[in-house]
Amino acid sequence: MAAPEPARAAPPPPPPPPPPPGADRVVKAVPFPPTHRLTSEEVFDLDGIPRVDVLKNHLVKEGRVDEEIALRIINEGAAILRREKTMIEVEAPITVCGDIHGQFFDLMKLFEVGGSPANTRYLFLGDYVDRGYFSIECVLYLWVLKILYPSTLFLLRGNHECRHLTEYFTFKQECKIKYSERVYEACMEAFDSLPLAALLNQQFLCVHGGLSPEIHTLDDIRRLDRFKEPPAFGPMCDLLWSDPSEDFGNEKSQEHFSHNTVRGCSYFYNYPAVCEFLQNNNLLSIIRAHEAQDAGYRMYRKSQTTGFPSLITIFSAPNYLDVYNNKAAVLKYENNVMNIRQFNCSPHPYWLPNFMDVFTWSLPFVGEKVTEMLVNVLSICSDDELMTEGEDQFDGSAAARKEIIRNKIRAIGKMARVFSVLREESESVLTLKGLTPTGMLPSGVLAGGRQTLQSATVEAIEAEKAIRGFSPPHRICSFEEAKGLDRINERMPPRKDAVQQDGFNSLNTAHATENHGTGNHTAQ
């Protein structure tokens, strides 16, 4: 009789399934962004109409769409914009909105305050991108709304809707990180199609920046060729870049235009210039954006003939850059009554500056420890050890050999100080980087240590006085302080053809002198 076979061991249990994405997150309240990109079938219905709620819910979770879908949205929206006039005409009731600057989650709040785009007419005054870290989400969502509501939602061009600024600030980098350069180029083509101005109710001129000494009538705007990159000077540039003078309504000089020293291009226009333009064109007021406002809006001096504010600035990005601590506002105009609705900022996901990843963020800590080890290794050499092993080496001088090693120790010590400052003062470094246009600190700040960082200046003379005294433990606590620190970013960035720009500045000043005198205006 055969012996019974030994019992076989039971097979090991299958491994547990991997945890769902985000299950191991430290902050459980922050959901993991969707990894799935929306497809054409999910974004568009069978008739090719965008499902705006599906897109909105996905973007709010930091989700993305297929690149081809992003291109389709951008191109379809651009086709609608190309059919519009350079100066569109819109009717009340309407809600007018100012700068958005990539603050997508605040844009969602704006629509809560202003009303659903399905039954509310909207006019946006430009600057949808740059500075904020959700610019492409703003573009995709607004372009989908334009596709859905082409006759009730209107988009104007701001000074940031151009290649020059989006390359200099954050939008191009954001497009390349989240999508591709193809998406960025499609956005630039779409931006070239945006109208430059709107005539609201035959009463208000709506524009991003303001007036130009070369624009006297509304027909001058209508005749402009807008399908191009905005030039560094001229009427198109002025519509996007000009500002009211600081002493608007209380001018010491009656000259209408002076060189805009804050922007480094275009002009300041004053109260008499606005009143003359309004009277010549039978208008009530000019509504513009382009400047952050503590309350989200500003009403300027009233016209002596109509009793209505001659100029209104509206700004719709609350707590701009996460440091201004300002309110945002939208302007609702209905039945000849104008109402301002303010709102505060909404919570939003955090991005490190310039879309830095956590590994790059951790490098200062690693670098500090490595340099500490190198310093300790080199520092153990005694004078006796330095004297040994061939004094004839290094030009035959032991002193030269010792000096070479000491120089290495000093160099590594300098590196250690840089990494130490980066780690210990990371919050201040981030703040300074966020307030400089290139996202980079001034040369030598970190190597000089904490004291140098305290007295760091940004890249232009105009910002020096504002940022002097900025110390690492200090938090920006007022609107005016943030505006002063950020002033360098209000300038037109330097162009590759810098020589031509110098000529343009002289030409602009000469043009203002020839046509309007030489009024001097103090910049904000």
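Using the three backbone atoms N, Cα and C, a Cβ is placed for every residue, glycine included.
Note that the structure is a prediction, hence the values are computed from the model and not measured.
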For the Zn(2+) site that Swiss-Prot gives as ASP127, HIS208, HIS290, the extra residue out of ASN159, ASN260, ASN319, ASN325 is ASN159
Swiss-Prot feature region 'Autoinhibitory domain', matched against 451-473, 474-496, maps to 474-496
Taking DSSP H, G, I as helix and E, B as strand, the region 'Autoinhibitory domain' (474-496) contains 11 helix, 0 strand, 12 coil
Other C-beta atoms within 10 angstroms of the C-beta of ASP127 (Fe cation binding site) total 27
Confidence over the region 'Catalytic' (65-356), expressed as mean pLDDT on the 0 to 100 scale, is 97
